[in-house]
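Everything below concerns the one structure shown next.
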Amino acid sequence: MSRLNQILKDYPLLEATTSEIESMESSLADDVITSNDDEIQSVSPQYYLRDMFKASITEGPDDDFPPVPEVENDIILDDDEEYDGYKVDFAEARPWTALTQKNIDGRMNLELMAPENLTDAQYKQWVESVSSIMTISRQIRLHQAEIMDTSSGLLIIENMIPSIGRTSEFKSIPEHIPPSPTSDHTTPPSSLRSDTPSQTSSSSMGLPDVSSASDWSGMINKKIRIPPVVSSKSPYEFTLSDLYGSNQAALDYLSGSGMDLRTAVCSGLKQRGIYNRIRIQYKITPEFV
């Protein structure tokens, strides 16, 4: 130890070195005191570019963009009017109409407007009623029927002379059973036949007389052809049975009516709701094939 002390004494820069060490200790002590006064923050590794440029990120206005002018709104909206901009404008409700006819692409469209303020159950009942009327329209002439009010609804009364083998009671409509093939050839009594010839007789068209039901029964399954308005189209072919829905329906409608072939075809087309469509594309001059 004595030798170490001797060496240190003989060191020529001992005083300068000691002074430098003391200065470093004093500077280090000042840094420690200053860091204790500041808030201690955890230092994380600078992995991302945003951490390396924190000094350039400020919350002040961006000088690269022009200032946005403030819009003055002198109109003060009420609470009810504040959200008008977000409301959906619906089309104005149309007044109630029972039936609207439209012709779209040559096809007749009938729009039935449902009664107002119906519940879901009542709406379904209304749809079923309309469907039932469409179904029974093949059996009776609704355009000649009478409508009467009853305590439960409406009563539709057929206004025509029924043929033999056909029941037109209203209560039996939902349980209608298609007739057997033998009923298609039922010959009605002579009291139901019409002896008055039509204005356009079938004989003038080269056809047998069709004034009686017995004659119609032999023609309802014969092919009928009507020519197109445009020659490039094919003729339209059908039978009276197809037109009226069944042999029995055609026989019931035509028996005792005194119709000629053209009138019978026009009536069938109207019942099926395709008369306007057909008369635009075809000439209503029917003839048996």
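For all residues, glycine too, the Cβ spot is worked out from N, Cα and C.
Per Swiss-Prot, these features apply:
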type	residues	note
COMPBIAS	182-204	compositional bias 'Low complexity'
MOD_RES	Tyr11	phosphotyrosine
MOD_RES	Ser246	phosphoserine
REGION	170-211	region 'Disordered'
SITE	Trp126	site 'Involved in oligomerization'
SITE	Lys270	site 'Interaction with the Nucleoprotein-RNA'
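Features per Swiss-Prot, on structure.
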| residue | record | Cβ within 10 Å |
| --- | --- | --- |
| Trp126 | site 'Involved in oligomerization' | 14 |
| Ser246 | phosphoserine | 16 |
| Lys270 | site 'Interaction with the Nucleoprotein-RNA' | 13 |
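In this structure the alpha carbons, written CA, of the residue listed as 'phosphoserine' and Lys270 (site 'Interaction with the Nucleoprotein-RNA') are 16 Å apart. A Cα-Cα distance of 24 Å separates Trp126 (site 'Involved in oligomerization') from Lys270 (site 'Interaction with the Nucleoprotein-RNA').
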